[in-house]
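J.: Attaching a single structure in structure tokens format; questions to follow.
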């Protein structure tokens with residue numbers, strides 16, 4: 001105890017000497033909390049960009065997401081690396097499907113649903129389901145169109161599965177790859193342009209195709225008017241998701257380039273829908289050979305099929 005008292009007295013003497021040498025010095029008590037000055041050098045908001053911060057996120061949120069993505073440090077040749085792309089639950093997938101079927105005007109699909117956790121699970125199974133739905137519905141549609149004709153024999157066309165798979169997966173992967181490369185190139189030319197990752201673009205295209213699954217089932221109805229009304233309705237819903245998502249990424253670019261980019265996106269999307277309807281469902285009438293009926297006198301009679 002005596003040594004502790006002597007130590008405290010020595011500390012007080014040192015503090016008194018310091019104050020005597022510099023009267024303006026400030027002292028800090030151990031019990032007083034130290035206040036940390038706030039950062040007053042915040043980023044100034046440009047006028048008219050508050051909506052962009054809400055829809056696309058600020059720099060701080062982007063840095064947080066980037067740091068979160070750096071945790072996925074597994075090499076790309078390992079199973080753990082690709083497992084992260086399928087780390088999504090049922091509620092997230094259903095929420096993203098709902099967002100693609102019921103787009104909200106003025107809301108960015110990537111920012112609201114994708115950017116927090118982009119996945120390949122939803123796009124992969126949506127494309128797979130759409131492939132089999134189009135192939136099966138196309139065969140059923142062909143069967144109902146020629147039902148009742150005596151010369152028609154139903155034969156399942158399994159090649160439609162491979163054709164549909166090639167078309168759907170090529171569109172869902174090659175078009176996002178080309179768009180991602182184009183946006184990266186324009187990002188190097190134009191400052192302050194919004195950029196999306198390749199995985200985010202694949203997610204947008206994959207989930208935007210969900211609306212065509214119930215549409216392909218309804219395409220079995222053998223009425224061309226009903227089919228074209230359905231394809232136009234589905235095209236408007238899925239196309240609006242693409243337009244509202246990629247418009248912030250190109251609107252700061254040259255006006256003609258921005259409009260041409262959106263026009264190309266909508267045109268390719270329309271070609272996919274119209275092409276699937278025309279090839280798998282609106283097949284031309286088959287020219288069946290006329291049946292040959294033998295007569296009793298040894299001659300043959302050829303009847304003309306209607």
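Every residue gets a Cβ built from N, Cα and C, even glycine.
For reference, TrEMBL lists these features for the protein:
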- 32-61: region 'Disordered' (REGION)
- 49-59: compositional bias 'Acidic residues' (COMPBIAS)
- 101-273: domain 'Yip1' (DOMAIN)
- 120-141: transmembrane segment (TRANSMEM)
- 161-185: transmembrane segment (TRANSMEM)
- 197-222: transmembrane segment (TRANSMEM)
- 228-250: transmembrane segment (TRANSMEM)
- 257-281: transmembrane segment (TRANSMEM)
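How about a rundown of where these features are and what they're close to?
T.: Summarising model confidence by region, the domain 'Yip1' (101-273) averages a pLDDT of 89.
Remote same-chain partners of the transmembrane segment (161-185), defined as residues 6 or more beyond its termini with a Cβ less than 8 Å from a stretch Cβ, comprise 123, 127, 130-132, 134-135, 138, 193, 195-198, 201-202, 204-206, 209, 246, 249-250, 261, 265, 268, 272, 275-276, 279-280.
Same-chain residues lying 6+ beyond the ends of the transmembrane segment (197-222) with a Cβ under 8 Å from its Cβ atoms: 85, 96-97, 99-101, 109-110, 113-115, 118-120, 122-124, 126-127, 129-130, 133-134, 137, 140-141, 144-145, 168, 171-173, 175-177, 179-180, 230-231, 233-234, 237-238, 241-242, 245, 269, 273, 276-277, 280-281.
Residues 52, 55-56, 99-101, 103, 105-110, 179, 183, 186, 193-196, 204-205, 207-209, 211-212, 215, 218-219, 257-258, 261-262, 265-266, 269-270, 273-274, 277 of the same chain lie 6+ residues outside the transmembrane segment (228-250) yet bring a C-beta within less than 8 angstroms of a C-beta in it.
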